[in-house]
Amino acid sequence: MTRVSNLGYPRLGEQREWKHLIESYWADKISKEELEKEARALRLSFLQKQADAGVDLIPVGDFSLYDHILDLSVQFGIIPKRFSDQDIDLDLYFALARGNKENVASSMKKWFNTNYHYIVPEWTKKRPQLTNSRLLDLYKEARQVVGDRAKPVITGPITFVALSSGVTDFTAAVKSLLPLYKQVFTELVEAGATYIQVDEPIFVTDEGADYLEAAKAVYGYFAKQVPEAKLIFQTYFEALIDAEELSDIPVAAFGLDFVHGLEENLQAIQAGLFKDKEVFAGVVDGRNVWASDFKETSKLLEVLAENTASLVVQPSCSLLHVPVTTKNETDLDPVLKNGLAFADEKLEEIKLLAEHLDGVANLRYDEHVAAYDALQAADFRNVELEDLSQVRTARKSTYDIRQKVQQERLQLPLLPTTTIGSFPQSPEVRRTRLAWKRGDITDKEYKDFIRSEIARWVTIQEDLDIDVLVHGEFERVDMVEFFGQKLAGFTTTKLGWVQSYGSRAVKPPIIYGDVKHIQPLTVDETVYTQSLTDRPVKGMLTGPITITNWSFERTDIKRSDLFNQIGLAIKDEIKLLEDAGIAIIQVDEAALREGLPLRKGKQKAYLDDAVSAFHIATSSVKDETQIHTHMCYSKFDEIIDAIRQLDADVISIETSRSHGDIIESFETTVYPLGIGLGVYDIHSPRVPTEEEVVANIERSLKQLSAKQFWVNPDCGLKTRREPETIAALEVLVSATKKVRHKLGYE
Ligand code: GLN
Ligand code: ZN
């Protein structure tokens, strides 16, 4: 009988019980004992659910009160110096994640190319040592509920060190952890564990190629020291970076991703590299919300079964990255709903696939195939779209011609000042939106309120003497969800939450059908704003790449086709704004950089597709319409060419936290278009001084011409409070005037 395994289960709970629990503890509403008791109840219910679904190997240790990497750092006693005089307990644990009065938190990073963020382990000179028996305790607890099916999960030493900061000698750091892992494994085996899942996703990245020798040494050591432990060398999100070398390491089994790393991993299998091995095959997408294509997956499983010594069926990665269940999504079109699979449905899928492989007939399998086919055939996936070959993919004129006509129209001063789009969403904004959603106020009352907020901020911006105004985005909770709600092909769920970091969860829209512009998205607010002022108002849209990257996207069409569909929709909106007299339109691509594929070899294709879609969205405008874009990130060098190719008239970039680095990218590369390098950090409530802002501008002007430079904050101001925002913008404007004066203007 083919077994099924799971790699990790969502922590949040169906109704986000986990989030509420942890936040209640933070707010001092419940005691530590209550927190622990409730957390245990949740944990056990997750185990039970997986057991009921027929999972043979159920992950233990994936549950966390904040983040599983932080759990491991604390277990190993890897605690930043600034916290070193505190007892190692729950309060320290949360302080590391969130900071406390005395100390800042550890930094947070994206977990590979997902939207989950882990707390970066900060190494000090102190030698790691076990400070608790967390995994063993959890394992013993789990055995009480699911017995032998419990499978401990731990991040492996090489990935752990590779993701750490403050490591001066990689090999020495890994070595210092080995006795700790050995003890953990030994105790688990003594407590009855057989399989132990050791996550080593670093071995799907380019960086992993540097650690092949380390992998042999480390897993050789474990094989010798704890031979009874059946280690699963688990990777996900891509194929093994070097299957030839890695398939030789002495472990009991390999966990491979046959969804996101299908091509290469399958080649390795077909080349016979795993024919004597046990393989845990990730064949159900653990990162997206779609039901699997059973016909294809069953074929794949047969190939895998033929080419391995033993096969276990599982999702491609931990189910942490998908919502819990589709069961509560009662508002969705049944054709769509039946074509979705969240965590619980994915567990059913792996079970059905394994049974099918064994030749066991199950009606649910056939129902699933029918549901999948119905979704593919649905009208909303077969919409007639504009013919792409008829759409402009380059601006009519070159930048220098555009710049001239735009300047004639806009009459902007040297070093024009502007902001990135959003202004503070005050408690009143949030309260009013909630009242409107609940039906306590009418659509008209809500709209009037948004208008009054816009008008108030037009006055503020004029008083500040900002050159290019924005409407402030008060009507948007989120820059992607807002567009999702108005474009055809998108839907939002009731409870489709996934953990982003700590207790923070996001509810990405689902792109389920062909995307099409069917109604104005932003025209009303933008045109209203422009009617209040003589200064140019910048329209504010989110670009195709960012919309895709922050949604659950379709996988039945090529990604580039999806980018292009959204590009067309944005083009239509731009046309409406342009026709309504809006002279400047910004298309935000905040998530362009973070969508970069893990492997260098795949990055160029992604960037090419991104640039094309941006061109589809923005190239049809007249020369005198100025296209802006905005991106938030600090590492630029790898994608500077793509940024240049976007051919946006003006780009604004988040830079103030790493000023030097970024300017360097632009120093070595000729960037002739308009550019605003953020002159102060909006992530902190601190108001910058005029000297600082002047210095930031002047530093940029060493590499960039004053004729191309714009002055703006780093990013949107949505999360800031009003007083500090106004104070900071006052400084921004006065600093700009000072520099203009020094340059002999004004
Ligand atoms: N226009 C958006 C805003 O200002 C951009 C946000 C972002 O870059 N993340 O909020
Ligand atoms: Zn930004």
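Residue numbering: from 1, along the chain as shown.
For all residues, glycine too, the Cβ spot is worked out from N, Cα and C.
Quick look at what TrEMBL lists:
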{"type": "DOMAIN", "residues": "5-307", "note": "domain 'Cobalamin-independent methionine synthase MetE N-terminal'"}
{"type": "BINDING", "residues": "Arg16, Glu17, Trp18, Lys19, Lys110, Asn115, Trp550, Glu594", "note": "5-methyltetrahydropteroyltri-L-glutamate binding site"}
{"type": "DOMAIN", "residues": "415-737", "note": "domain 'Cobalamin-independent methionine synthase MetE C-terminal/archaeal'"}
{"type": "BINDING", "residues": "Ile420, Gly421, Ser422, Glu473, Asp588", "note": "L-homocysteine binding site"}
{"type": "BINDING", "residues": "Ile420, Gly421, Ser422, Glu473, Asp588", "note": "L-methionine binding site"}
{"type": "BINDING", "residues": "His630, Cys632, Glu654, Cys715", "note": "Zn(2+) binding site"}
{"type": "BINDING", "residues": "His630, Cys632, Glu654, Cys715", "note": "Zn(2+) 1 binding site"}
{"type": "ACT_SITE", "residues": "His683", "note": "active site, proton donor"}
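Recorded features from TrEMBL, shown on the structure.
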| residue | record | contacts (Cβ under 8 Å, 6+ apart) |
| --- | --- | --- |
| Lys19 | 5-methyltetrahydropteroyltri-L-glutamate binding site | Leu12, Gly13, Ser503, Ala505 |
| Asn115 | 5-methyltetrahydropteroyltri-L-glutamate binding site | His321, Val498, Ser500, Val506, Pro508, Trp550 |
| Ile420 | L-homocysteine binding site | Val470, His630, Ser652, Asn712, Pro713, Asp714, Cys715, Gly716, Leu717 |
| Gly421 | L-homocysteine binding site | Val470, Gly472, Glu473, Met479, Lys538, Met540, Gln586, Asp588, His630, Gly716 |
| Glu594 | 5-methyltetrahydropteroyltri-L-glutamate binding site | Lys110, Asn113, Asn549, Tyr633 |
| Cys632 | Zn(2+) binding site | Ala590, Ile653, Glu654, Asp714, Cys715 |
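The Cβ centroid of His630, Cys632, Glu654, Cys715 marks the Zn(2+) 1 site; residues of that chain outside this set whose Cβ lies within 8 Å of it are Ile420, Ala590, Met631, Tyr633, Ser652, Ile653, Gly678, Asp714, Gly716, given in sequence order. With a CB cut-off of under 6 A applied against ligand 1, the binding-site residues Glu17, Gly421, Ser422, Cys632, Cys715 are reduced to Gly421, Ser422, Cys632, Cys715. Close to ligand 2, meaning a Cβ under 6 Å from one of its atoms, is not one of the binding-site residues Glu17, Trp18, Lys110, Gly421, Trp550. Rounded to the nearest whole angstrom, the C-alpha distance between Ser422 (L-homocysteine binding site) and Glu17 (5-methyltetrahydropteroyltri-L-glutamate binding site) is 31. Candidate binding-site residues: Glu17, Glu473, Asp588, Glu654. Fewest other C-beta atoms within 10 angstroms, Glu17. Glu17 (5-methyltetrahydropteroyltri-L-glutamate binding site) and His683 (active site, proton donor) have their C-alpha atoms 29 Å apart, to the nearest angstrom. Of all Cβ atoms in the shown protein chains, 25 besides its own fall within 10 Å of the Cβ of Cys715 (Zn(2+) binding site).
Looking just at the domain 'Cobalamin-independent methionine synthase MetE C-terminal/archaeal' (415-737), the mean pLDDT is 94. Neighbour count (other Cβ atoms within 10 Å of the Cβ, all protein chains): 18 for Arg16 (5-methyltetrahydropteroyltri-L-glutamate binding site). Remark: Trp18 (5-methyltetrahydropteroyltri-L-glutamate binding site) has Arg11, Leu12, Ala39, Leu42, Ser503 as non-local neighbours, by Cβ distance under 8 Å and separation of at least 6 in sequence.
Arg16 (5-methyltetrahydropteroyltri-L-glutamate binding site) sits 27 Å from the residue listed as 'active site, proton donor', taking the Cα positions as reference.
The local packing around His630 (Zn(2+) binding site), expressed as other Cβ atoms within 10 Å of its Cβ over all shown chains, amounts to 27.
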